Amino acid sequence: MHKHPESPKAPIPVPKPPLKWTGGKARIINEIVGRLPVGRRLIEPFVGGASVFLASSYDRYLLGDANQHLIDLYRSVVHRFDDLLALTSSYFIEDYRSKERYLEVRSAFNRSQDPLERSAQFLYLNRFGFNGLCRYNQSGEYNVPYGKPARVPRLPVERLVAFREKAARATFVAADFITVMRQAVPGDVVYCDPPYLDRDSAGRSFTGYGASGFGFDRHRELASMARTLAAQGVPVLISNHDCEAARSLYEGAQLFQFEARRSISADATRRATATELVAFFSPRHEQDERPIPSSFTGLQSNLFEESVVVG
């Protein structure tokens, strides 16, 4: 019997993710993890900054992402930790705290075919670049601008160590979300954190993550796959903005809402309150036991603060 997602309990102390990540769930983690059903394995087709992975407690994990560079980094942390740390340390020095050096590393990163070298460069670009963005142009080149850090950012060694320890239970896959979700079987739980729909532009979505972006058709595919898995006995949760397009996509799922504060520009002091949505597609046998409300009732909870740049 799957535990039905309910209102979260007390805040969960969790390891901090090693990457800065726009749209990461670190500051609202209790709202997400508190609603994950019981299961043997958690599957994340959009692992991103890995906050949910680090905060949850499952026997095993299947962590996927379409970003090959991200998955290469996570694999390097697990399998080549000492080599990665030695190489990355050479970038986290004063000599590399300049726009010229940053652009040199970014250019080398876009040319490199060595997964270990790229992983070290990716971690440098993440920490020295602008506000934790991960963005590519239509040619697939990483194009995040220099972040102008006031001092040399600290290499997150402790966070990398904690990640490596927990990742012993994880399998990492660089693949499209459909490929990852097809691996789910009864006993698994699937949590999806896709690039969010634009609240103010019907059906539009963030397009900077990967050369091909993530448009409304892809969101429709994701919702369809969630229904398919639920019919096969696998619970699926999806996060998104609370907007009409999302509510329409997730019709028939149980919807939860909560508030989060987000930065609305490059100026981190400018904040706006946004409503987040979690759609729960319960397994078929649970749907038979209890009707799913068709209206958007949701849950109101405490106000959490998350710093995200929308650009």
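Quick reminder: no glycine exception, Cβ is built from N, Cα and C everywhere.
Just so you know, TrEMBL annotations are computer predictions that nobody has curated.
For W21, K25, D65, D193, the entry in TrEMBL reads S-adenosyl-L-methionine binding site.
Everything TrEMBL records as a feature, shown here on the structure.
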residue	record	Cβ contacts under 8 Å, 6 or more apart
W21	S-adenosyl-L-methionine binding site	G48, G49, S51, G132, C134
D65	S-adenosyl-L-methionine binding site	P45, F46, V47, G48, I71, V173, A174
D193	S-adenosyl-L-methionine binding site	G23, K25, E44, F46, G48, V52, I238, S239
Cβ neighbour count (within 10 Å, all chains shown) around K25 (S-adenosyl-L-methionine binding site): 26
Considering all pairs of residues in W21, K25, D65, D193, annotated in the record as contacting S-adenosyl-L-methionine, what is the maximal C-alpha distance expressed in whole angstrom? 16
